[in-house]
């Protein structure tokens, strides 16, 4: 991978801020990027007036995209590149110690290069899968260039948010897209709330209209409750006698990352399956009306709503098992490749002069203690978010069960970061501690 360094150095990047970014500036940059994202979602791609198959509606929820516009691919290329790199490193095909800062920077650079390549690969797949109807070779080329270029812009908008804003661009785009879907679905002119009230006035209340809203609220409460659960490890300062503290480890240790990666993987399987089917190679399944009807693609497609679950319970069970296993796998890979493993966390705690209360001061002792919590929490939290996302899909929550889960989790994390940013600005001493 080191042979790619000359190429990586030539890829444009958003420079790191030369000075500390204030809270107001972070809000400003986050707002600017959000506005640009919505503007791009309103700019139609030339010749993109064809009917969109139902499969691409699922792609929109997971990848924060809007088919037929500049953000047709959404964050798909970014997430797909992340999946590929995670699998390559996690499986040992690429030998790389990501605890070394230089290796981690190289890993991120290669992931960015792969993201740009995937912009063009997925653009070709979309056109080949018939997302824009039947096009002449010239028009197909123009559409590919437009949607690939739009996705490359999103890559750099994600960088801007990561370096100058609050949270990450990926999370921001998903939350924005799903929130819009929930608002329109519940309170729009044809929203479920008005339909339910109308049926109530007519004396024949229809529970089907209010069920998606109730499902969304249930998912919201469950995610917030899970985000508040944590394990606290008592710490003692090695130099200041009597100084104690606590190191909190959240139950949802890996956040929503496993669900994002798993859902994106399943969406890519649908996309590849449809493209191959149109080429006469139905190895992933056959399709009717843009939806898989058999094969791997069918069993990894989302059964949305209770009616779908009841009509084919085997499909629902296989999908749930696959989602949970995939989330656990990506959760483990994510912890190992992002420095959240016990060894890396022990180094961070040790560098602050802290030690586990009641144990001798050494990174090995801290690591041994953390191994009792981090690996089990990684597996349990990954399985939990996978299970919850699946149940939310089965209930038929607005914005898609997976989308609601991701949005609530993302917004909650952004809320926590906003509080930290505000406290840091008011109390500089606390800022130093939080940064460490």
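Cβ from N, Cα, C; glycine included.
Both residue 97 and residue 417 are recorded in Swiss-Prot on the same side of the membrane. Check Swiss-Prot against the ranges 357-370, 399-412 and you find transmembrane segment recorded for 399-412.
Among the ranges 29-46, 281-298, the stretch that Swiss-Prot annotates as transmembrane segment is 29-46. The Cβ of residue 260 (site 'Pore ring') has 29 other Cβ atoms within 10 Å, all protein chains considered. Across all of the topological domain 'Cytoplasmic' (89-110), the predicted model scores a mean pLDDT of 77. The Cβ of residue 79 (site 'Pore ring') lies under 8 Å from the Cβ of 63, 170, 260, 261, 264, each of which sits 6+ residues away along the same chain. Sequence-distant residue pairs (6 or more apart) of the transmembrane segment (169-191) and the transmembrane segment (29-46) include at least 3 whose Cβ atoms are under 8 Å, placing the two stretches in contact. Across 56-88, 111-129, 256-277, 399-412, the stretch most heavily in contact with the transmembrane segment (141-161), judged by Cβ pairs under 8 Å, is 56-88. The least crowded of the recorded sites 75, 174, 179, 406, judged by other CB atoms within 10 A of its own CB, is 179. The subset of recorded sites (174, 179, 406) lying with their Cα within 10 Å of the Cα of residue 75 (site 'Pore ring') consists of 174, given in sequence order.
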